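**Q** Have a look at the structure that comes next, please.
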Amino acid sequence: MLIDISRSMLHHRKSSLALTPEEEPLDINRGPNETKYGLISPTPKHHLKLLLVFAHPDPVCDSLSKAADKLGFEITTSNTNIGALDEYQAKSHDLVIVDTRAKNFDNDLLCRSIRNTKGSQHTVIIAIVRKSAFERDDVTIASLLESGFNRCLIETTNVLVCVNELIVLKHCDLRTMAQHATCQAMYTALDKCRDLVIVTDDSYKFQYMNAACERQLGLRQEDTIGKTLQEQLVYDTVQINTMGSSLLRAREWSGPMTLKRKSTQETIVSNCRAVPFSCAGRMPTHFILVFDTNSIDPSNLSQSRGSIHSIRRGSTDVRSIGSDYLRRTSLAKLNALPLEAPITKIVGLIDQIRENVGSNGQLVQLIDKVEDILKGSELYVSHVKEDFRMKTDEPVVSDLITALLSKAPQPTVTASSRRSSNDSSVFRPSRTGLIKVPAAIRDLLDTALMWEFDIFKLEDLTRKRPLQHLGMNLFNHFDVCGALNCDERTLSNWLTVIEANYHAENSYHNSTHAADVMQATAGFLEKERMKSIMEPLDEATSLIAAAAHDLDHPGKSSAFLTNSNNPLAILYNDVTVLESHHAAMTFKLTLGDERVNIFKNLDRDTYKLARHNVIDMILATEMTKHFEHLAKFVNVFCTRSSVGSEIGDQSEDYAPILTAENTTLVKRMMIKCSDVSNPTRPLRLCVEWARRIAEEYFQQTDDEKARGLPVVMPMFDRQCCSIPKSQIGFVDYIINDMFEAWNAFIDMPELLTYMRQNYIRWKEFDEQNHTTLNDIQKLQATILAPSITSSIKSD
């Protein structure tokens, strides 16, 4: 269908609205491979990529390999699930053939994992089955197809038969997939097209509109589906009747069309070209309407929502289109939750006002300024006006009010030395070699910036001292010594003291978790987006906050401490108990000994800034403010043109991200994502973290029952809790939206890939009734054993 749409679109561009005579009927049933308007036929590439997955050397594999070689396929082979997935993710094969006869292969897992990889919808996956599977009525074939396989082939060692099978796959299945890929490309092109494009059915009900329609006409795709052009868009129904008389006879139509904007009901006249096409039979089933934006009077259009710079140019910034869409979808997800913040309502109302102000640039600037103020972290924190002292006759009153009401200005560091994008491509070796690292640990630490890093292996190798070894490795890599102007011995001493004050008896909140959060933070800091906006001091304090964010954690929640009248709860007035303690303990230990004080060589202002950064990031890990932090991040970084831009561009379009307050929002989101990144790690690591946190929660519930305290999490009872269900709910309500927003900002798709793969496996574990700690431990000892599922890549 879309091939025909795009062909008409291209012809429209090529002819610049030079229409064919109305008397000439259109052939609305052209085949998808014809190129009447110069559209390249979406045939597969000449050198197709084939992945053969066979557990053992096999005559069937040899025959397929010989046949593929004759047909010019580029062949890759693998004999393990993990190896096959790694090969596919690296090369994106067109065709994958899996030997499902082997009993030691988890064919269902492999196929689902591939299907959860970006772009896999255009890959054909074939299952090799025994002949008996086709000769008897059993569920083998249906089960494989439900897992995601496209087709099943009977095992054969005849090379000629294999050649013929591959030819059929190439010219049928692979060609179809190539056409689907072309369709997707055409949808992308339509969405980026500056002209307004609408597709309706033969009764003029909306089926599709591109981003330009949403932006310029004040419409939303979800609000128009099922409604007609007359109801939503076209001002004069006579024009619809005139156009319909041609379209229903399979003829193109062109002419002026009067449109109305939904919000203001103002009218806009544009040249329209309408083309009919048919999905079945000879009669038209759908109409394509293309409105030429060159024929629209710009004075009649409200400016596209974007930055002030975009409005002054009088043009549409493509980056604004994508970011606005992301913002709308992200806010829609937040609004669908059973919680909402007043600021979300306010920003939504401001957006509606902005759409109605028309082309008044000055008013739009004022509205943007109001929205920026509302996005501030503290709306009711008073600031003394700059001219207050000049208006006050009594200096004592001025000093008193200034001291009481003013927030101390945050110090800024004037010396800035941004690293180039290539500066962090390799690890910096330890300059003094203070810590002698065994070869096994050193080899493992070479992968310290990979998302698949095995933190539990480091825990074993270091005898539960992973934070000191990983911390020094990352501190040297990011040159924390240079940022803090301290020596490596002090950094090493600091890590030793910090790790010693984590409780090793905690199953989850121990130094291994701290090292894992620090490793995730380092992985985020390596991304180009973060390198461009983070100063060296920002990087150093981010790593420090990550390492110390759960310092002296007692293994119980803040609610437990409050209910039990714990001294910490009394000290902090039952407010942000644990996070306040972690931050205070960090500076108590750091400043209490000169041998440990990593801040001792900083000047006063720089120290204040470093302290502020560390405290702010640690406090951001409090989960009771999760939705508040997420809403702020979405409101700021999914508006205007902040998403998809280069930070290095100092244009006004990118000004919002360069402010200190917005950089703070980024650092908060970064440590939040690092703190709860477990569901986005490879499956084996994800399951182990889930086991550990469940054990800690179970222990808290046991203690609450034994002491007669209120049970904070009654579902975390070791007798009846389903660990898979707890993880599924955690992803649904907390992880999914946050990591989608974070990935859109940082561009790290492996986060979502692992999250979705793990989500599927937790669903399967639940369906298979693997729910208790014992069940999870049995899975870990069998299919999740490190020797089978270790996914650390060799780079």
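Positions of Cβ are set from backbone N, Cα and C atoms, glycine also.
Note that TrEMBL annotation is computational and uncurated.
Pulled these features from TrEMBL for this protein:
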type	residues	note
ACT_SITE	HIS509	active site, proton donor
BINDING	HIS509, ASN510, SER511, THR512, HIS513, ASP550, ASP675, GLN727	AMP binding site
BINDING	HIS513, HIS549, ASP550, ASP675	Zn(2+) 1 binding site
BINDING	ASP550	Zn(2+) 2 binding site
DOMAIN	182-239	domain 'PAS'
DOMAIN	433-769	domain 'PDEase'
**Q** Please tell me which one of the binding-site residues listed here (HIS549, ASP550, ASP675) sits closest to HIS509 (active site, proton donor), measuring Cα to Cα?
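**A** Nearest listed residue in space: ASP550.
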**Q** Give me the DSSP three-state residue breakdown of the domain 'PAS' (182-239), ordered helix, strand, coil.
**A** 29 helix, 13 strand, 16 coil
**Q** Restricting to the chain of ASN510 (AMP binding site) and a gap of 6 or more, list residues whose Cβ falls under 8 Å of its Cβ, or answer none.
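**A** Spatial neighbours, sequence-distant, of ASN510 (AMP binding site): LYS464, TYR502, HIS503, ALA504, HIS553.
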**Q** Average the pLDDT scores across the domain 'PDEase' (433-769) and report the rounded value.
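**A** Over the domain 'PDEase' (433-769), the predicted model scores a mean pLDDT of 90.
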**Q** What is the separation, in Å, between the Cα atoms of HIS549 (Zn(2+) 1 binding site) and SER511 (AMP binding site)?
**A** 10
**Q** Using an 8 Å cut-off from the Cβ centroid of HIS513, HIS549, ASP550, ASP675, can you name the remaining same-chain residues around the Zn(2+) 1 site, in sequence order?
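**A** Close Cβ neighbours, site residues excluded: HIS509, ALA514, VAL517, ALA546, HIS553, THR621.
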**Q** Counting across all protein chains shown, how many other Cβ atoms sit within 10 Å of the Cβ of GLN727 (AMP binding site)?
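**A** For GLN727 (AMP binding site), the 10 Å Cβ neighbour count is 26.
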